[in-house]
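Database features (Swiss-Prot):
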type: ACT_SITE; residues: 593; note: active site, for beta-ketoacyl synthase activity
type: ACT_SITE; residues: 729; note: active site, for beta-ketoacyl synthase activity
type: ACT_SITE; residues: 772; note: active site, for beta-ketoacyl synthase activity
type: ACT_SITE; residues: 1393; note: active site, proton acceptor
type: ACT_SITE; residues: 1582; note: active site, proton donor
type: DOMAIN; residues: 420-854; note: domain 'Ketosynthase family 3 (KS3)'
type: REGION; residues: 46-284; note: region 'N-terminal acylcarrier protein transacylase domain (SAT)'
type: REGION; residues: 956-1287; note: region 'Malonyl-CoA:ACP transacylase (MAT) domain'
type: REGION; residues: 1357-1676; note: region 'Product template (PT) domain'
type: REGION; residues: 1684-1704; note: region 'Disordered'
């Protein structure tokens, strides 16, 4: 046999090419090899052996091993399917045959013989196959004369059959699988027959009693004689007779039913007197010829697969019979198996005969040596070695195969396919509770052992109204606690091309998934399409999400355009794919609490299946819906105590809900290593199953968890005892924690296999720190483990608040299971990897497990990067972010002054996405870099981004001769493999033409002034330029046009596609050689003159020189080059040129003699022209140009295929190079323009200066090389400039030659330009939902509430008309009043404050109600109280109360006043409308009333009085000087009425007003007129306070023509002294816009009496709205006409006594869709509504522009929630976040509001703002 040897020299044999510590030794001629297969397992840990073999099978070097395992598993599956149900049920599911080794009960049970037989064959054959695959030339079929013999015992004989039948190693998997099948079938037969002889006791999980005893020091005859006597005397049935199963010279083995074996040792004196040992034979009888017959044998081997094998293979190596000691005489496979099975079943073992047979064969062939292959040494091998020791001429030794399995790999493992790869995690990011906005802050929470639970924040919902600790109120939560992300609405909408409106309506968890995905990708160094594994078509996204809170609650309050796309789960990962342009799959997965980890498992599966090469995965959860809290409370899931999860605590009562967003980036390990990624952790295996046998769907099941864990460990080939940390699910529920600890200890710390002191197992659960993130719980746990691996520490567990759960095993310490109560070190250990398990299960029954190990250790590279200068770049999508990124980088450099500059450059260039705001610094040191970065900070605001219209065009300009040293030493040649390869290939082409090598002119072989031949010099120049051009192109910089100067034109022609590289070299060399041959050096000269040709001609001495030569009128020189307006090169005889140079120098012109051998473009070249043209005609092929060629010869641009030919080259050699005319012509034809980037291709920049002198503007101009400067410095600076101009540089190519030694740094992530996009859930409709519970609640509490009528309560005022309910205790009470707005005094008060012609219940009326109820409660609870002073605080009116038109029907409101403790001095008030006799659940106003001391108020106001008086005096001065407006009583109220509010006479208390901007004071006189019953008359309050409203609606500092302002409330209202009829006061206010929202204004109104502040309305708020909404906001509720009224703007009336300034461009707030301070009572119409956005998002609307284009721009800005300044001409609609959905909306509004009819594809046809603006101007102006 080729791979192991043969018994016949004519057959092929394995011959290794070398030896190793564990290899087949070279066997010389005449030597033999014996392979022995035992009938016992090796003494090693079987589980570990099988795990190691499984790991080897995943290696590409062991494809045959993998195939054998697969074939053997398939064979066993087939056989199991054929078993009867009763037996089949005993065998658990198994993925591979190796899984069965861990099922101890199965191997000891009834089918133990079948299972162990199959496993023994499997381990022997797998070891043999793997061993030979690992050998050098392991598949060799070279011949040798080695003779191989096979021997085995018992089942081991079956293994020998596979070896004998396999002609090559590649045949072993099929033959081996058949052996495994027959071994299993044999075991089944033996069990069935033996069961008839002695049944196994029922429910016996042990291995039972032995069926064989060995008796030493007796002969077979003695034993047989005694047995015969016993059988005869007892009349033993034949089948039950004991028999000899093995015979040797020193012992005899007897076999039979265990009971009969025991019996004979009791009844027989002979046997009682013998020593004996019971053998581990528990599966039944073999070697029993009196039991088994041919039919039995046939039943074992009669399989279709053996028939197929029989046709393909025949025995090739002799197998020695253990009965005869001779080879089996089989000719076919079937015969061989028949003989072997027959021998195992019927023949006694006589090993001595085998030893003698092998020794005889060794003597016969006169062997000089013998190598014995064994799995482990054993007694039979010892006997064989002893036999050989008696043969002096034969030296024998053994080679154990088992040690190969665990030997260290000399080479790194290469997966056999994607399915066997490990998964590397290369990037991670998060947003976690407790302010953890990144992974480092998350680690700080873990490391410090923090519990970050808190009360449910107000931005989610009002916890006070939605929480009921008693659990009686419908839809209320039983807990007020959770763990929450800070400000989950923060988002950089413009970065992700989303409009503010879309961002607002998009679920914040989906937004944060997008953000963290970017950060994780950024940290992973992901750049799309950089490598094969980063191909965008092969990247998928996988996210777990189990709730839609924001869609269900927040956006559902006002469903708009993005309700579906912003809220449905599928759009989360879909949006990530869309933004990054990933074409791989995107999955949103919901498996409840295990969603995130199950998703990561699915992502791993996608990578293993080869569906994707990179996966972005994670989980997300942001809690805003009180329903889920209520539902989980009702299901008894949630803890009621103030803590995160009390994991493993004795009092654990449920989990604490949590937010969280986690994103990770995964690749197959080999791809990650190939891509030079940072590997954070390695996933070895992952799996998901279901707790099908749990007692309920929500109840966890330890058995299912254990099964899954074992399955994952088995797949990965990991010993459970090698796992040192388990991150448990640990929700803090009694059932969950108890079940999980059972599964964990059962697998990782079993009682039967103890952990040693050096194998501690730590357990933990992150939920004790940050709560249970539900869908993100698993990724959060995984993130914790990754950080533990990174930080080399285990953080403390903080879940046990009291004592440990009593249900936990009491022997955790004995099992070495540890709970880390303090931080524990977890360092790397040489030779042993840290391995952890993340466990996760779900209330829906799912279990997910991920097995993770530490990343491979990376060796530090000592290789020094040879590049002298490096490019570090910073980019961003906005100026704010650019500044932030610069600041973060500077901070990083300050913290890491020793950072590797090459690594930093590599990370910021090749491993980052780049954006339109760019900064690039070429630097050689960190200190310089930090200084340069800092210098950019002050100019960020003026920094211009690159155009969004695309990269600028590029022109390559190729240098002519004379610009470099005679000999160069190019660093690029030495260090850049791409450039070097290009030059060497060109040099090879040159040498192939018989030309000299030009490399010596470039590689530093000579000094700089060493002069090479013109041929070498010119070839070196042109080839260097070609290589440089190719190098630039490899960096992604491709020319749009080329221009060559003189000799440089040859390189330009090649780059333009006219000449091949070979032809270019040919022409350059031929021309140079002709010059060398036909022209003398030194006779002519070229001189560069800093002057124009006209200036040169004007020099008198030049003309005189010509005359003196007798050639008057003819120049004494030739014009070689016209390079620019004042750059000219002259050629001629050396002597004449020296004279010309002297003359011009004296005339003041700078002259430089060029270092060239010949005077090109002069008469010196005439001798070569004919010959050169002829050879160019025949020797070169001219192709059409692929790029425009700017021709200095012709002074024009060449586009056609006819112009460049041999004659062109002739003329170019002789005639003038007119670079000036060429560039001017290119400019006229628009071949070049001011946006062009100029790159000089040559040894030194020359042409760039020419171009700059010719063109008025040059975008950027950079050289490739610069004389006297390190190439890397030049290239780095040039690349930085090119990159900053907008060209996308292939930085990965720039670093390719050095990447092996470069490292990706963990730099700060992107600095987001965040704004808070958040729709607030308002009210309590989640509680009520149309149910009657809360109505019934009022009824159910009726006994404690005493309905009162007039006789019970005497309280009657105009606004507080009836007390309908009241409840009083000693210190607490609730009072509910009901009033009819149609009651005359109340209605008069409302009509005294008319807006839009409607009576409006002003805030002063609400104040009177509050004062009245406050006074009533105080007198009831504390009747003796005196001097009651009340502060109405935090008044918030969410909806205006407008009086009905119909005054005949009542219009009721109810106001409740509640205090829980009057001693606390706080009363809570709520206003509600009454419909159909029932108060609405939703209030329209709220306030708090505080009982305070008026004396204390007066004291606090004393310091402010001086300031207020000084401001009043200043306003008086401004009015006196004519700067401030002084308005009379009538004028003031006429303006007020014209602009917004028409006050009744009693309200008109302001006698005069002085106003300057938004600051004013008024003299006030309160009316003495009486009418109505009030506590504080509303017209008094209004008179002293409505100055603020007057300023906001009348001042010319506001755009009152297009906007109006209303107040939703104030922070406080206090009157230290009563307002008295006829009293005189002075009011002062200054309103100030808030920084967060310029449409919201705040101010304090001070009320003075006799120059003393006696009252104050603090922080009164006004909001600005478009006047177009006035009709909608303020119309009578019972008047439907306003719904159909015109939408034209209601402008203020003009009066003759006032002047108005021109309306200014003012910022108009985009009102929130849902807000706590919205005034309107009805929804706004679409055409009049301003769009939704967040605070601070403004739109600059220039109201004085009447053009359709301007209006359209304003409409676009308003709809998208942008500023007009954002609508720059080159900005695309995609960048603004205007997608197809919004484009339809805008198109419709164009039609409705502007009369511009467009279709929905408008923004495809006109993709930028400039395009749209131009179209509108053209067609609608």
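Keep in mind that glycine also has a Cβ here, set from the backbone N, Cα and C atoms.
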About how far apart, in whole Å, are the alpha carbons (Cα) of residue 772 (active site, for beta-ketoacyl synthase activity) and residue 593 (active site, for beta-ketoacyl synthase activity)? 8
Would you mind reading off the Cα separation of residue 593 (active site, for beta-ketoacyl synthase activity) from residue 1582 (active site, proton donor), to the nearest angstrom? 56
If you measure between the CA atoms of residue 1582 (active site, proton donor) and residue 1393 (active site, proton acceptor) and round to the nearest Å, you get 9
Nonlocal neighbours by CB distance (under 8 Å) for residue 729 (active site, for beta-ketoacyl synthase activity), same chain, sequence gap 6 or more: 593, 736, 740, 765, 767, 777, 781, 839, 840, 841
Neighbourhood of residue 1393 (active site, proton acceptor) by C-beta distance under 8 A, where only residues 6 or more apart in the same chain count: 1399, 1400, 1401, 1402, 1404, 1541, 1543, 1544, 1547, 1578, 1582
Return one of helix, strand or coil for the residue listed as 'active site, proton donor', based on DSSP. helix
Return the average pLDDT for the domain 'Ketosynthase family 3 (KS3)' (420-854) as a whole number. 94
Looking only at DSSP and grouping its letters into three states, which state does residue 772 (active site, for beta-ketoacyl synthase activity) belong to? strand
